[in-house]
Amino acid sequence: PALLPELWTEILVPICAVIGIAFSLFQWYVVSRVKLTSDLGASSSGGANNGKNGYGDYLIEEEEGVNDQSVVAKCAEIQTAISEGATSFLFTEYKYVGVFMIFFAAVIFVFLGSVEGFSTDNKPCTYDTTRTCKPALATAAFSTIAFVLGAVTSVLSGFLGMKIATYANARTTLEARKGVGKAFIVAFRSGAVMGFLLAASGLLVLYITINVFKIYYGDDWEGLFEAITGYGLGGSSMALFGRVGGGIYTKVADVGADLVGKIERNIPEDDPRNPAVIADNVGDNVGDIAGMGSDLFGSYAEASCAALVVASISSFGINHDFTAMCYPLLISSMGILVCLITTLFATDFFEIKLVKEIEPALKNQLIISTVIMTVGIAIVSWVGLPTSFTIFNFGTQKVVKNWQLFLCVCVGLWAGLIIGFVTEYYTSNAYSPVQDVADSCRTGAATNVIFGLALGYKSVIIPIFAIAISIFVSFSFAAMYGVAVAALGMLSTIATGLAIDAYGPISDNAGGIAEMAGMSHRIRERTDALDAAGNTTAAIGKGFAIGSAALVSLALFGAFVSRAGIHTVDVLTPKVIIGLLVGAMLPYWFSAMTMKSVGSAALKMVEEVRRQFNTIPGLMEGTAKPDYATCVKISTDASIKEMIPPGCLVMLTPLIVGFFFGVETLSGVLAGSLVSGVQIAISASNTGGAWDNAKKYIEAGVSEHAKSLGPKGSEPHKAAVIGDTIGDPLKDTSGPSLNILIKLMAVESLVFAPFFATHGGILFKYF
């Protein structure tokens, strides 16, 4: 047995989750001490940092004779407008998503209940026919409850993240008056609030759900953990709508604001005269924050569910070894503690004095968390696992040692870091790939687009090798359970990953608020520096999300194949090959839908922004105010309407294929969508990120090379803006949504596997 007694496991997991929640509340308290009033005495972000981070407490405004009180009031007013816009959009989105959730919960209950004809009698277990398990109707009921719990947790994760981001954006702007270090700490602490809240609440809800379900299921762990898979399905289905809806919203506003404002009217980014500027800033919060939060929560929930399902039919589940069974939860618990220590390096142990220290500080977060987590995994594997045990491997039991499982988790963890740094190399303007893209703007937008596409395709190579090697190593050691814990290894530092990720949109908003409030250009320079670092880290976050999605969906695929009773997936059979081809096509169909949605809605936005510039007298002179509300409404209406078709494509495909064509064709569809989806997602995200940073490289004009391409408004700069505009829907709508497509189809197939195995393939039965 494991060294760690069962009682200690039952105490440690919830305690780590509660520590994570407490830490996030503490960070929120520190951020809240930055007041949105002109009382300067109250404007310090935590006593420990006074006199630190390279600033004297003077304000740039005082030095330049700008009225401080009016600036603070203006910041507070803009923050309120952004917060209200984001809240009203999310409430509208959640109304539609709520209706879907109720409908789909009913589908789960009816489909899974019909497996045994809604019988309430106990049945022989699937994997051990000598024992009896709870009826299929119970699995249907508990899967439905788990689905609703996962969906609600996912929605709350996204909503709370958005609330924290809109709370922190103006505070970051105000702190930028005192120095870049001050502003960095506020933005980073706010990101940490979201990261820890999401990681800890996801773990706590899952742990409580398992223990509550155990009261009914008793010794039937096979049925218990099969029902728990609904939790992953709920989390991911909400994430899909959040990601697609939020992604469409943010890019419609962004494309409209950039095309008319920057290219036609030659006004700066986030200029208050631009009618789409509030919608653009709202979009950063609903897409990049709420969408990303729900997405990574979904990955975490699914990786945990995949590992638990496989473990329940291995020696852990057969021998009822609760500590070993909870190994995935112990990894996540250790991850929260490791990320907590890592966060202190950015907020308390080291101070940031210069702009050039921002990006290394964020990258160090990834390195420090990975190194400490490696030690943490070793401890968890030593105390939480027996020295030798067996893992279910497609019908046989494979003998595995605890050090082999430790290596599986580490391989995932370090593969995540490699993917992160490769993504950074291809999307940061500190390196040659993005500088080459910027240089190609000399000859116009066409060459910029060609270079950007080539960069995106090339950036796929190393991440795919990293994913392939981690799959080979983890599968060789511990079959599909190894792949599932490798995915958990990649997601074990999710709190730090999300903190870095949320930091980007908060800094972006802070820059927008500085511009709209008419603050000094020196403050805008500081927020731009924060934003440029945030842009790269956002790309790193997307790399993590895509890499973990590949591993998660493969682990879910393995669990599905086991559950559906398929022994081998033979590519040479026509049933499988047609599935492979259709599956590989789905990411293209999905991308086409989301790109077209952004394009057609952006058209309306461009026309509206043009109309306001042409018909509102005094708008360009700054004497009249634009009608922000109409632009917010265009973005909201477009995203709500346009998120439904891509959502239906993803949710209905496994149901239609499984029911009409059977589990073998469905296994082909899942494999095909995984293989093509990962490639498109990585290339789309990195192409968009590179175009964005090529534009920022020209705008910043730091090096001689960048100065030769600028300044803002030059022909190369206009070409860069066009590239950035094309890249917007790639990197923020289609790319990030694809990783949900591959995970969601796999987890949905797993949840409905008993139904498909019993009633599926009706076309092949009768024809």
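Backbone N, Cα and C define each Cβ position, glycine as well.
No curator has checked TrEMBL annotations; they are predicted automatically.
Copied over from TrEMBL:
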- 12-31: transmembrane segment (TRANSMEM)
- 96-115: transmembrane segment (TRANSMEM)
- 135-162: transmembrane segment (TRANSMEM)
- 183-210: transmembrane segment (TRANSMEM)
- 325-346: transmembrane segment (TRANSMEM)
- 366-385: transmembrane segment (TRANSMEM)
- 405-426: transmembrane segment (TRANSMEM)
- 460-488: transmembrane segment (TRANSMEM)
- 544-566: transmembrane segment (TRANSMEM)
- 572-590: transmembrane segment (TRANSMEM)
- 740-764: transmembrane segment (TRANSMEM)
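Pairs of Cβ atoms less than 8 Å apart link the transmembrane segment (544-566) most often to 405-426, out of 12-31, 96-115, 183-210, 405-426, 572-590.
For the transmembrane segment (572-590), same-chain residues at least 6 beyond its ends with a Cβ under 8 Å from one of its own Cβ atoms are 646, 649-650, 653, 657, 661-662, 664-677, 680-681, 734, 737-738, 741-742, 745, 764. Contact counts against the transmembrane segment (740-764), taken as Cβ pairs under 8 Å, peak for 96-115 among the stretches 12-31, 96-115, 183-210, 366-385, 405-426.
Sequence-remote contacts of a segment are chain residues at least 6 beyond its ends whose Cβ falls under 8 Å from one of its Cβ atoms, and for the transmembrane segment (405-426) they are 327, 331, 363, 366-367, 370, 373-374, 377-378, 381-382, 385, 433-434, 455-456, 458-459, 462-463, 466-467, 469-470, 473-474, 477-478, 481-483, 485-493, 536, 539-540, 542-544, 546-548, 551, 685-686, 689-690. With a threshold of 8 Å between CB atoms, the same-chain residues lying at least 6 positions outside the transmembrane segment (366-385) that come near it are 2-4, 9, 323-324, 326-327, 330-331, 334-335, 337-339, 341-342, 345, 402-403, 405-406, 409-410, 413-414, 416-417, 420-421, 489, 492-493, 496-497, 500, 540. For the transmembrane segment (96-115), the list of distant contacts is 136-137, 139-141, 143-144, 147-148, 151, 155, 230, 233-234, 237-238, 241-242, 640, 644, 647, 651, 655, 751-752, 754-755, 758-759: same-chain residues at least six beyond its ends, Cβ to Cβ under 8 Å.
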